[in-house]
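Everything on this sheet refers to the single structure shown next.
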Amino acid sequence: MAALGREAGADLRIAGVVPVGAGEEPKDIKMPTYTHGQSSPSLGDAKLRKPMIIEIIEKKFEYLRKEKSLNIYGTMVFGTTAGFSGILANIIFRHCFKVKHDALKTYASLTTLPFLSTIVAYKLLVTDALYSGKISQENCVLRSSLIGIVCGVLYPTALAFSKNGRLAVKYHTVPLPPRGRVLLYWLLLCQTEIKAMVLPLVLQTACGIYHGLQHYAMFESTLEKSIYED
């Protein structure tokens, strides 16, 4: 009988059923159940979150694409006005110094160099600083207007004065100044016509202020939309 009891106990242990001893209460054994076709909650959330994240990223790229295109157009217009300022300065100084040589060369350089210098200076001093978060709205407008004055008026004026002055000396189109007073002599020679550069000075200052305000407003709008989408 004892041998039969031990064999029965061994069979029960093999089957996974443990006999309850005397004075022991049976313990509930909870086994995890799995229903066929039932998905895990974390997997379902991940499936729902994935298209939402993709949609947010696409919207952010769309905002940045629109802002970048508007910023490029505005900067191109800003640089174009600087190029027109260079053309006007070249006309003034060619008339003052009575220069008729190398017209294509001087007009090409006086159009291209102010245009490129305005775009590069705006990119370095305004756009990069704005996206790094280092400037305020007032600083953005101030930098933009200063770029318009320096790169759009002072630089083309000095460049036209220098190029046409050298041509005047080379081809003897005007009387040579006395020794040691070259700069003063040339300034007195064109002091009346140079007053016309007040027009591009006002234009470039206004364009710089407007472009700075518009660019900062676009940047703030894009930033607010990105935060709202998050």
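Every residue, even glycine, has its Cβ placed from backbone N, Cα and C.
Per TrEMBL, the listed range annotated as transmembrane segment is 72-92 (candidates: 72-92, 177-197). Given the ranges 104-122, 199-217, the record in TrEMBL names 104-122 as transmembrane segment.
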